[in-house]
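Here is the structure we will look at.
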Amino acid sequence: MSAVADLLLSVDGVTVDYSGFKALDAFSMTLNRGETRVVIGPNGAGKSTLCDTIIGRVRPSDGRVIFRGEDISRLPEPAIVGRGICRKFQAPGVLPMLSVRENLALAARRDRRWWKSVGIGIPAGDRQVIEETLELVGLAERADIPGGQLAHGEKQWLEIGMVMATGAELLLLDEPTAGMGPAETSRTAELILGLGAARSVLVIDHDMSFVEQLGAPVTVMHQGRFLKQGSIAEVRADPDVAAVYLGHAA
Amino acid sequence: MSKLVPPAPLRRAKPALPWVLLALGIAAPFYLGAYDLNLLARFMAMAILAMGLVLIWGHGGILSLGQGVFFGLGGYAIAMHMKLADLPAGEMPDFMVWSGREALPVWWEPFASPAFALAAILIVPTLLGALFAWAVFHRRVGGTYFALITQALALAFATLIISRQDVTGGFNGLTDFYSVFGFGLASPGTGTGLYWLTLAVLCLAYLGLRWLLASRFGMLLRATRDGENRVRFLGYATTPFKTVAFAIAALLAGIAGALFTLHAGVVSPALIGVVPSIEMVVWVAIGGRYSLAGAIVGALLVNLARDAVSSAFPELWLYLMGALFIVVVTLFPNGLAGLLKGNRA
């Protein structure tokens with residue numbers, strides 16, 4: 001297979017301009033099918049804006065986002081999800097009044113037009129995905145309690161589960177370990193590594209031990225620009241990266 | 001799609017309150033005099049509107065301070081029909097003659113037909129509610145801004161009616177009806193019949209909404225209320241869900257307005273403007289905005305209290321209602337229904 005056939009996502013020279021402040025400045029990166037990539041960078045580097053741009057929450061003033069060969073940067077948000085991209089937000093975005101299972105049921109539904117929602121109960125065709133996801137994120141025992149009653153780490157897992165249950169090919173995980181202890185962080189890394197080659201994952205995180213556990217290639221951003229890409233060891237050894245980021249963190 | 005799992009709310013204990021209300025509703029005509037039964041029927045019409053607010057405000061998080069508009073559209077539609085139905089052919093309603101009009105406005109004419117009037121009661125509020133909601137939600141306007149826009153709508157609607165006295169009856173509204181669909185309004189049998197009709201519509205609306213709230217549509221409405229962004233980025237277009245809910249609430253308000261006008265024998269701007277629209281929200285806040293039965297109780301109790309208090313101390317009522325509203329919202333945010341059965345969606 002050629003490299004082009006493997007290409008899933010290409011962010012091509014994207015600029016996001018907040019009235020003069022460039023959150024993204026001609027930023028480019030590519031992601032292959034089945035690849036897991038970690039994006040790091042100091043606060044304000046544009047990591048979350050990158051996610052926002054890919055899912056259509058923010059529109060680029062310049063550049064394109066190409067997903068499976070199609071420019072998606074002008075599509076409505078639900079259409080982008082329909083193409084196979086789903087995002088976990090930084091603050092857990094579970095729905096507090098719905099049960100854990102209902103949260104996943106909402107995500108697992110493929111036909112999301114409103115008139116298809118006029119019916120009672122979870123359609124049988126969705127239940128296998130829902131139960132599998134419950135097992136995977138370790139919430140099978142907690143399936144019937146409201147999402148709002150979960151512990152913080154469990155909420156993060158539920159939202160990761162929701163993103164998985166949509167069947168998306170590209171998962172954007174914005175700080176999936178925020179607020180987690182070391183044990184929870186390790187479990188989250190296992191969860192992401194367990195996704196296998198069927199999914200591509202773009203992870204944004206600050207926690208270097210988590211990034212090491214993922215063992216994935218790292219892209220470093222700084223002030224909205226691409227700075228460096230390589231293995232975690234290469235990035236750690238890079239003097240430019242140390243200057244802008246690791247130097248402060250260490 | 002063969003086997004379906006019922007959602008959690010349906011599997012929980014069967015609430016007793018709706019059955020108690022139904023029993024009282026069936027018993028009422030055998031114990032109440034004509035005057036009291038008429039009063040109860042008016043309040044039951046209000047309760048139909050109140051349940052629409054449970055759908056949009058409680059479960060959809062959409063606060064409308066303009067339900068009076070849709071109530072008024074239903075009320076004026078039936079009132080226009082009754083004004084025309086009582087007239088000898090070729091004549092104009094009394095207030096038009098007094099205002100010096102030469103001829104009946106063209107848009108009044110079709111209301112002479114009972115079928116047209118019925119269709120207008122059902123379609124006009126629903127369609128207007130849907131168009132209005134879509135226009136606002138499509139632009140991602142929500143929350144407090146939406147509430148303010150609906151309040152402006154109520155103000156504009158009442159002002160429009162008052163200013164066009166020659167075709168709307170102005171401040172006095174439309175009144176002096178004698179018959180509806182061939183039944184004389186003065187006969188006690190018609191009053192009782194209208195009571196049963198109101199009870200039947202109330203029950204139908206209750207069952208329909210209960211089903212809708214238990215359906216996936218209800219689940220998505222609550223999900224959108226609590227995390228619209230999350231729902232949107234799971235791939236749902238959220239505007240249609242909110243628009244459909246708002247249109248259903250407008251439909252219920254229109255039906256309520258028509259029934260109320262039949263019982264009260266009058267529809268006027270005083271019943272549909274800003275203050276009445278806010279009062280409608282107060283009934284639901286007091287009864288419990290997440291509970292259909294709670295909203296029915298709220299509408300009935302507040303209106304009964306209003307009737308009792310305002311006949312003895314007319315100037316006291318607004319203060320009392322305001323105080324009640326504050327107490328309920330601060331101490332019992334889920335209203336009377338919340339006191340009865342805990343926080344149940």
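Keep in mind that glycine also has a Cβ here, set from the backbone N, Cα and C atoms.
Listed in TrEMBL for this protein:
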type	residues	note
TRANSMEM	B:16-33	transmembrane segment
TRANSMEM	B:39-58	transmembrane segment
TRANSMEM	B:115-137	transmembrane segment
TRANSMEM	B:144-162	transmembrane segment
TRANSMEM	B:193-213	transmembrane segment
TRANSMEM	B:233-260	transmembrane segment
TRANSMEM	B:280-304	transmembrane segment
TRANSMEM	B:316-340	transmembrane segment
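At the 8 Å Cβ threshold, with sequence separation of at least 6, the transmembrane segment (B:39-58) comes into contact with the transmembrane segment (B:193-213) through 3 or more pairs. Sequence-distant contacts of the transmembrane segment (B:16-33) (same chain, six or more residues past either end, CB-CB distance under 8 Å): 40, 44, 192, 195-196, 199, 202-203, 206, 292-294, 296-297, 337, 340-341.
Using a Cβ-Cβ cut-off under 8 Å and counting only residues 6 or more beyond its ends in the same chain, the transmembrane segment (B:233-260) has close neighbours at 41-42, 44-49, 51-53, 55-56, 59-60, 62, 64, 67-78, 121-122, 124-130, 132-134, 137-138, 194, 197-198, 201, 205, 209, 212, 217, 220-221, 224, 267, 271-272.
Distant neighbours of the transmembrane segment (B:115-137): 69-70, 73-74, 77-78, 80-81, 146, 149, 153, 238-239, 242-244, 246-251, 253-255, 257-258; these residues of the same chain sit at least 6 beyond its ends, with a Cβ under 8 Å from one of its Cβ atoms.
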